[in-house]
Amino acid sequence: MGLESGRPRFYVGLGLALASSAFIGGSFILKKKGLLRLCRRGRTRAGQGGHAYLREWLWWAGLLCMGVGEAANFAAYAFAPATLVTPLGALSVLVSAVLSSTFLNEQLNVHGKIGCILSILGSTVMVIHAPQEEEVSSLESMTEKLKDPGFIVFAVCVLVSTLLLIFVAGPRYGQSNVLVYVLVCSAIGSLSVSCVKGLGIALKELFSGKPVLKEPLGWVLLVCLVICISIQINYLNKALDIFNTSVVTPIYYVLFTTAVMMCSAILFKEWQHMVLDNIIGTISGFLTIVSGIFLLHAFRDVPFTPNLLPLFLQQGRTDLRASWRSADRHQSCQHQPLLPSEDKGSQSTEEEEEGEGMGGRL
């Protein structure tokens, strides 16, 4: 009975997650175009510490689009589990890849199209097998979850690794390795999702008439969310300014989704309410998405030519082409008219006789 009453809420969260992916995928394109315009004007790039993008309306349009997507994502976490909402961010990668090939002249080859199809299939599998019930439904239970030793250890590890990436790895490898800034966004993003989940629960209790505004946990989560989002925006801008959009977006999705699923498993323990086949289906769907994202990213500059086929397929292709040519020649011989050939024969005979006559006269 509880599951049936929760299914409409589940589909509301699913719809919000899909809308969020569309808006976020478009925001990458708008922000990238704004950064490219600033680069053409000779302004200091964001990857070099500049903040001239704050005066570019295209960047603000992208930020507004991302804000709408994040708001939809925020609402989705209040209706559906994080195990479902976060992996559906793969659709933003598809939107970004298609739009970047249209508006940024970034090629989407056959491998990328196959990767898009795999990502859609993996998302579908995850939707089918994702949990449809929530573990945390009140701020009191959220407080108990935050006090769990496992989550405290996880949060400390995230903060320490983020500080090392920012102050140690960033100055050395940030300009040459895409993983540095993307790892910062992903690690902090896992904590921001936890804050979003808690604030979504607080809003639901607020609308139900409970005195949520007097609870300090809600304000703490709001402050933490603002800090986390600010860090994510800053380092995501640096990554987008230095590296290609088709590189940043897939890697960011894979690392961010992995971090969120780890945080969700530790904090909300949604996986404890899943049977074995749903766990296997969820993991298989996620790995399918990762495979699609890998194809979309790793082979983006590799043209698909017949030389890339295995040798036995190339041999079969050669034999097939040879058989087609022989069949065409055989068919042309069968349908060749006889009269032109006789004329050609007689014409050649006459030319030979004329040649002999000329030779005799000389």
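Placed from the backbone N, Cα and C atoms, the Cβ positions cover glycine too.
Among the features that TrEMBL reports, region 'Disordered' is placed at 329-362. Residues annotated as transmembrane segment in TrEMBL: 12-30, 57-79, 85-104, 111-130, 150-171, 178-202, 217-235, 247-267, 279-299.
In this chain, the transmembrane segment (279-299) lies apart from the transmembrane segment (150-171): fewer than three C-beta pairs between them fall below 8 angstroms, excluding pairs fewer than 6 positions apart. Among the listed stretches 12-30, 57-79, 111-130, 150-171, 217-235, the one sharing the most Cβ pairs under 8 Å with the transmembrane segment (247-267) is 150-171. Sequence-distant contacts of the transmembrane segment (178-202) (same chain, six or more residues past either end, CB-CB distance under 8 Å): 73-75, 77-78, 82, 86, 136-139, 142, 155, 158, 161-162, 165-166, 169-170, 212, 215, 217-218, 221-222, 224-225, 228-229, 231-232, 235-236, 238-239, 242-243, 247-248, 251-252, 255-256, 258-260, 262-264, 267-268.
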